[in-house]
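S.K.: The structure's right below; bear with me while I get my questions together.
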Protein chains: 2
Amino acid sequence: MSGHTHISGAVTKPTEDKQPSRPRNAAGTREQLLKAAAALFARNGYEATTVSQIAQAAGFSANLVTRYFGGKEGLFLAAMETRLNLESTLPGSIDSLGQRLADRIVDRWEREGDADPLLALLRSASSRPAALGDFLEKEATGPLTKALMSWGFSDHQAVDTANAIQSFIVGTVVTRRMLNTGAIAAATGPQLRVWLADVLQRLVDEGATAESPRLPHPSASSDAR
Amino acid sequence: MSGHTHISGAVTKPTEDKQPSRPRNAAGTREQLLKAAAALFARNGYEATTVSQIAQAAGFSANLVTRYFGGKEGLFLAAMETRLNLESTLPGSIDSLGQRLADRIVDRWEREGDADPLLALLRSASSRPAALGDFLEKEATGPLTKALMSWGFSDHQAVDTANAIQSFIVGTVVTRRMLNTGAIAAATGPQLRVWLADVLQRLVDEGATAESPRLPHPSASSDAR
């Protein structure tokens, strides 16, 4: 989150929180900015959302965004990070990984609604921050790949399976939340839980049997195209 | 494709093709408009693309779009339809369906480049035409569901499997073409062909064994939430 990027609409003179009588609370301010950012990025995408809008929605001045997050990109990635939190889903039996992932996805839809970080990520896909690739590797595909290896998958089985799982989840979110069409959009929460858990667990179980490498290993990816 | 919708930028007096010496060729004009539409919708998405831009890129006047396609929505759906053409991929053995789908996806990436209709569809997901849901059911999930039933899947097995396949393909396109990150973006065409065929065939093979319904059947979808 270091490095200062250009902030459109940033004010140049120092300003205080709009409620100056309230004692400063850095953690609370940070959390309110993250919450407003998650909601606005999910609704409008990365490009169409400005730092000023987020600061205003949270009730603070835009220069606090620079101070806490270094700018728009840092704020976006921080808002994704605290809400994705994939790593807490991984510990447990490999036989119920599909169910844990499905529960996490549906819980998040039910709890976060339109502030779902996956929705923010996808609405921002066309004009994403440059650091998004590294972020996804560090926060999503990377931890999942490592977890699969800890359950006995070879390197290539883990990479292939983690990417299949990631693509399937991304496609489900796009279909339900953006295209909003067909059986995936029409399904109730409980129906989705069962279907997602079933497909995800199949991808996990079958991934362990793949015999030869398919996708390039991330460390070799710069040579691969 | 019937019904006239509002066209921004349409001219009101009758105009001719900008090359009046060329004999009129409705099929050729149609194809050039579809080609320009596919490219512009894929690059900029549905909302940001205007009928005038498309007409200008193809070298025709905007009123031809009304005449041939009824407006922007009709042109968008027609451009998707002629380029998706899923039905030609379905005939054949169920044991090689994954390979046929994978070949179609990668061939399209290699042939259409930035005019890939899946990319246009996804760039347009946030502001899609109202008719997109019906279109996807008619052109993609529907034919795939019917094909799976013809291979012996029950209704619910076919719906669940067709939707898993659709989500996985959508997610792969988003990851490679929009997020452009990780092993899926780094993979070469041949690597992607093998990986896609493998995951898709697994979704097909395992779909046939699912015992109880998960997702709602499309005909019941209006009651399901």
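For all residues, glycine too, the Cβ spot is worked out from N, Cα and C.
Just so you know, TrEMBL annotations are computer predictions that nobody has curated.
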S.K.: With the ranges B:50-69, B:170-189 to choose from, which does TrEMBL describe as DNA-binding region?
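M.R.: In TrEMBL, residues B:50-69 carry the label DNA-binding region.
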S.K.: Across the DNA-binding region (B:50-69), what does the pLDDT come to on average, as a whole number?
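M.R.: When the pLDDT values over the DNA-binding region (B:50-69) are averaged, the result is 95.
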S.K.: For a three-state summary based on DSSP, what are the helix, strand and coil counts in the DNA-binding region (B:50-69)?
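M.R.: Here the numbers are 15 helix, 0 strand, 5 coil.
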